[in-house]
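Sequence annotations record features per position, and here Swiss-Prot assigns transmembrane segment to 28-48, 52-72, 97-117, 130-164, 203-223, 248-268, 304-324, 349-369, 390-410, 448-468, 476-496 based on sequence analysis.
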Amino acid sequence: MPVTMSQAFIDNFLGNSPKWFKIAILSFLIINPIIFYLNPFIAGWLLVVEFIFTLAMALKCYPLQPGGLLAIEAVAIGMTSPSQVFHELEANLEVLLLLIFMVAGIYFMKQLLLFVFTKMITKVRSKIVVSLMFCVASAFLSAFLDALTVIAVIIAVAVGFYSIYHKVASGKSFADDHDHTSDGHHQLCQDELSAFRGFLRNLLMHAGIGTALGGVCTMVGEPQNLIIAAQANWQFVEFAMRMSPVTVPVFFAGIITCFLVEKFKVFGYGQQLPEAVHTILSEFAAHEDAHRTKHDKVKLGIQALIGLWLVVGLAFHLASVGLIGLSVIIMATAFNGITNEHAIGKAFEEALPFTALLAVFFAIVAVIIDQQLFAPVIQWALSYEGNTQLVIFYIANGLLSMVSDNVFVGTVYINEVKAALLSGQITRDQFDLLAVAINTGTNLPSVATPNGQAAFLFLLTSAIAPLIRLSYGRMVWMALPYTIVLSIVGVLAIHLGALEQMTQYFYDTQMLLHHSVKDAAGAVSGH
């Protein structure tokens with residue numbers, strides 16, 4: 001039967017997405033202008049719900065296309081203006097530069113990071129110790145790098161391990177070509193392969209949680225941290241200090257959770273590395289060490305020095321985060337002899353789709369600002385006083401971040417609280433405390449689902465997920481103990497007064513200085 005033009009259109013529209021999803025998006029595009037004509041406020045909220053729906057369906061279709069179409073239509077029918085969208089992009093240029101340059105910069109440091117993580121797995125035999133090392137190492141790296149970058153590195157490590165084992169177990173040598181996605185090789189022991197997959201799933205989930213534990217601590221750990229820091233006019237060290245009353249107890253709670261789930265082998269954890277696999281990986285590491293040339297050793301040394309520059313540059317805020325990332329690209333490529341344009345271009349492939357998606361987020365944020373969608377919610381939350389207000393903001397951010405991307409949630413809330421500050425509804429000191437509640441609320445409970453954390457979504461949609469049988473449901477189940485512990489410890493740190501008391505102590509000892517409203521007004525604003 002010949003294909004009609006309408007069938008061809010539906011087939012082409014959003015590619016391989018399910019038909020019901022395509023119809024849903026087309027329905028949204030038809031309904032939205034009608035609702036906007038009848039009631040702009042309801043239409044605005046409908047757009048936000050639709051956009052969250054596209055994020056939740058990220059595995060069916062990358063959210064850039066359906067979310068982007070909704071955003072374009074919103075601008076076209078007057079829900080916001082192109083100038084307001086551009087203003088949002090302008091206000092968040094540093095975040096865009098972080099994603100473009102920092103993620104690409106770390107691409108050129110992968111050799112060093114692969115070397116370090118390989119040593120961890122081959123030298124340490126205790127699964128509990130390896131799990132803790134992966135979790136802590138990911139947390140440390142995420143405090144200085146974007147969590148997406150860290151997960152990208154650890155995925156590369158896991159794919160490397162998997163392909164090495166698969167190749168040797170299929171009867172080939174390290175140097176042979178091999179398709180590690182095919183399990184049709186009769187030499188493969190399925191029990192061994194299944195156990196190894198479980199082991200890699202465990203390590204990737206511990207590393208993913210580690211990125212959340214470290215990412216919440218500093219202004220560069222997650223994109224929304226940078227947005228919050230810009231609105232509050234905080235620098236690197238001040239941001240880390242203000243977060244510490246919540247982030248330090250949460251970090252230790254996370255590490256204890258890592259130990260307990262491995263010790264008692266619950267929620268899918270506790271999978272051991274089979275002895276045969278360990279032997280293969282150790283032999284590979286020895287093979288690499290034996291064949292490492294002076295050129296290779298110099299490259300590792302250069303990457304270590306660049307890593308040191310990265311930490312120092314960020315800690316002392318020697319330049320904006322994106323520019324430090326650009327300097328990493330230039331130095332890592334110049335001193336390691338990477339001068340081919342195509343080789344450099346590969347570094348940008350991982351982050352640019354997400355950067356484009358972030359630009360669409362800001363278009364939706366522009367609609368929220370112009371239609372004043374969050375004003376009733378914010379006014380309700382602000383009607384409470386002191387500590388209760390902080391707890392409500394933490395919970396409100398946390399619940400929304402579980403189903404929607406935390407960059408989106410954090411951006412919306414900090415913009416609204418900033419507006420309340422500039423209109424005189426709250427004091428500057430209360431604004432600073434609310435900024436901490438918003439940052440921790442968006443970062444910690446969002447580990448619940450891949451929708452909330454960009455790094456988790458990146459892991460779920462990566463090449464490694466199908467190889468190690470890591471599905472959406474399995475990720476949610478494995479993240480559950482962490483979700484419960486991190487969320488509860490975070491809310492208790494605020495509810496029991498640790499945040500207010502420690503912040504006051506920092507003021508009293510002059511480790512922190514009070515900011516004025518003028519500081520915030522002078523900071524980059526989304527209004």
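Cβ coordinates are placed from backbone N, Cα and C, and glycine is handled just like the others.
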Which of 28-48, 203-223, 248-268, 476-496 contacts the transmembrane segment (304-324) most, counting Cβ pairs under 8 Å | 203-223
Counting Cβ pairs under 8 Å that are 6 or more apart in sequence, does the total for the transmembrane segment (248-268) and the transmembrane segment (476-496) reach three or more?
-> yes
With the cut-off at Cβ under 8 Å and a gap of six or more residues from its ends, the chain residues touching the transmembrane segment (97-117) are 134, 137, 141, 145-146, 148-149, 152-154, 156-157, 160, 220, 223, 226, 296, 299-300, 303-304, 306-307, 310, 320-329, 332-333, 336, 338, 346-348, 350-352, 354-355, 358
Of the listed stretches 52-72, 349-369, 390-410, 448-468, which one has the most C-beta pairs under 8 A with the transmembrane segment (476-496)?
-> 390-410
Among 130-164, 203-223, 349-369, 390-410, 448-468, point out the range having the most Cβ pairs under 8 angstroms from the transmembrane segment (52-72).
-> 349-369
Folded-back contacts onto the transmembrane segment (130-164), same chain, C-beta under 8 angstroms, at least six residues removed | 98-99, 102-103, 106-107, 110, 113-114, 116-118, 120-121, 124, 174, 178, 180, 196, 200, 202-204, 206-215, 217-218, 220-223, 240, 251, 254-255, 258-259, 262, 269, 273, 280-281, 284, 310-311, 314, 350-351, 354, 453-456, 458-459, 462-464, 467-468
Among 28-48, 203-223, 349-369, 448-468, the most Cβ pairs under 8 Å with the transmembrane segment (390-410) come from 448-468
Maximum Cβ pairs under 8 Å to the transmembrane segment (448-468) - stretch from the list 28-48, 203-223, 349-369 | 203-223
Which sequence positions outside the transmembrane segment (203-223), separated from its termini by at least 6 residues, show Cβ-Cβ distances below 8 Å to it?
-> 95, 98-99, 102, 121, 130-132, 134-147, 150-151, 154-155, 158, 229, 234-236, 239-240, 243-244, 247, 250-251, 254-255, 258, 269, 314, 321, 358, 406-407, 410, 439-440, 442-444, 446-447, 453-456, 459, 464, 468, 470, 475, 478-479, 482, 486
Quickly jot the same-chain residues contacting the transmembrane segment (28-48) by Cβ under 8 Å, restricted to those at least six beyond its ends, or write none.
-> 69-70, 73-74, 77-79, 364, 367-368, 371-373
